[in-house]
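Colleague: The active site, nucleophile annotation in TrEMBL covers Asp92. The active site, proton donor annotation in TrEMBL covers Asp94. What TrEMBL records for Asp92, Asp381 is Mg(2+) binding site. According to TrEMBL, the feature GMP binding site maps to Asp94.
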Amino acid sequence: MFFFFLHLPQGNIMQLDHMEMVLVVFHRWIQTGIHTLLKSGLIFFVTNINHKFYFSFSSDLIPAISNNFVNPDTIFANNEMSLQDIEIYGFDYDYTLAFYSSNLHTLIFNIARDILIQEHRYPEGLKEYEYIPDFVVRGLHYDVQKALLMKIDAFHYIQLGTVYRGLHPVSDKEVIAMYEGCHVPLEIMSDFYGKSSHGHTMKQFMDIFSLPEMTLLSCVNDYFMKHNIDYEPVHLYKDVKVSIFIVLIHKFCLFFCLFNNCAEKYICYGEQTHAVLRKLSENGKKMFLITNSPLDFVDRGMNYIVGKDWRDLFDVVIVQADKPSFFNDRRKPFRRVTDKGVLLWDRIHHLEKGQIYKQGNLYEFLRLTGWRGSKVLYFGDHIYSDLADLTLKHGWRTGAIIPELRKEIKIMNTEEYVHTMTWLQSLTSLLEHMQVHRDPASQAVIQQWIREREDMRSQAKDIFNSQFGSLFRTYHNPTYFSRRLSRFADIYMASISCLLNYDLKHTFYPRRTPLQHESPSWPEHFNSPTLC
């Protein structure tokens with residue numbers, strides 16, 4: 001039966017001012033319901049006038065939405081910025097100029113796992129665990145003392161259903177009991193750079209290289225629990241951290257595997273990176289590279305991506321910079337490095353093109369180059385280590401490289417996602433407007449809508465990642481990662497190759513998203529449902 005009695009007038013729907021408009025909803029016990037109508041592209045609108053309900057069709061809704069696809073190669077703006085004002089372009093190396101396949105994450109996982117076994121005397125049984133490429137997403141928080149991995153939103157609330165101990169989810173009831181709710185107080189959140197230090201028990205994993213680290217943490221926890229081995233979570237976290245640190249900082253273990261005639265197995269988008277650098281160079285832009293990676297690793301990678309003359313493209317090259325300390329510590333001087341990796345001790349008076357420099361600090365960099373303020377645009381993948389200090393303290397423009405964007409946008413463009421989100425938004429709107437009806441029959445249907453909404457929210461999460469969902473959203477709220485991204489990056493994109501789609505005089509304009517108290521009365525938001 002119908003939930004509402006319908007009176008069918010002639011013609012189109014009547015004026016809707018000051019009238020209650022809802023979707024016509026069939027009882028969910030009837031197979032043909034609103035969800036079926038939605039999938040077919042038909043929506044009914046209803047108006048309550050003097051206790052009679054009038055309706056009209058809104059047809060072809062889904063095709064109209066589906067045409068509003070997002071191009072994965074778009075550059076998105078958080079802050080208005082014109083490339084015409086940019087004279088100097090700076091780059092991180094890993095996951096900014098050099099993009100890696102999941103094969104590298106597998107390699108890092110395996111080497112760090114073996115370091116745990118060989119150096120820290122962890123059980124040999126850990127060799128049974130292999131890297132799981134799609135288990136975690138970037139931006140997750142790890143409670144060091146409780147050994148729990150979770151996703152937290154911009155308001156410090158844990159997203160229930162995304163809390164894992166080892167490789168298994170923790171029940172909502174247990175999570176609420178442990179944290180006395182879902183809110184994580186500021187004093188135990190990670191510090192400014194996402195680290196667990198000075199009383200902060202949460203660590204946020206912001207680096208793409210942290211994906212194998214999170215997976216290794218989860219696997220070791222899983223092994224200890226499965227075999228009833230008592231362990232101290234803090235010590236386990238530190239041991240895994242040190243093992244990953246050895247692999248990433250020194251990278252000696254990676255050299256042979258990465259560049260022994262199989263670089264194409266690990267490095268992606270080499271030609272596109274070269275095209276971007278060539279475009280900037282041909283347009284007279286100055287360029288510099290500041291990376292934490294050692295010279296040998298960068299040199300071999302850039303030889304593959306650009307060629308042996310890659311240094312000719314850059315005005316300044318700095319390796320082993322030790323970011324984010326590079327941006328804050330005034331004490332470390334620059335040292336020149338020879339082609340053979342020998343460190344020279346002469347005092348640096350100029351940063352010369354074609355030379356390689358090690359360590360140093362940003363304040364000395366600014367003094368020697370004069371590259372200050374908003375004429376500089378720096379790209380990096382780590383929102384804290386690469387971008388935060390530059391935008392907050394030095395006024396550089398910043399560009400975040402978010403490789404996960406390409407996959408997430410492709411998912412958002414699918415028919416399944418569009419239908420799921422459209423129905424989820426419709427359900428939410430129904431609940432918001434119909435909750436005033438307190439009679440038992442109405443409340444019974446409303447409770448059913450609430451349950452269905454929860455199911456739809458879980459489905460929407462699982463479309464991206466069955467454990468942790470989207471990198472950018474915790475249900476309707478932005479993630480903690482997403483909020484930091486919007487604060488510290490003027491623009492963001494899937495890769496620097498997106499610059500090839502724009503001329504160097506292009507201005508990026510952020511979308512004027514309505515605040516909660518504002519009416520969406522400008523064209524880009526009118527009749528355009530939110531997809532996230």
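Here the Cβ of each residue, glycine as well, is placed from N, Cα and C on the backbone.
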Colleague: Including all protein chains displayed, how many Cβ atoms other than that of Asp381 (Mg(2+) binding site) lie within 10 Å of its Cβ?
Modeller: 23
Colleague: Validating a neighbour-count step here. Other CB atoms within 10 A of the CB of Asp92 (active site, nucleophile): how many?
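Modeller: If we count other Cβ atoms within 10 Å of Asp92 (active site, nucleophile), we arrive at 24.
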Colleague: Give me the non-local Cβ neighbours of the residue listed as 'active site, proton donor': same chain, 6+ apart in sequence, Cβ-Cβ under 8 Å, ordered along the sequence.
Modeller: Tyr100, Ile208, Phe209, Thr291, Asn292, Ser293, Asp381
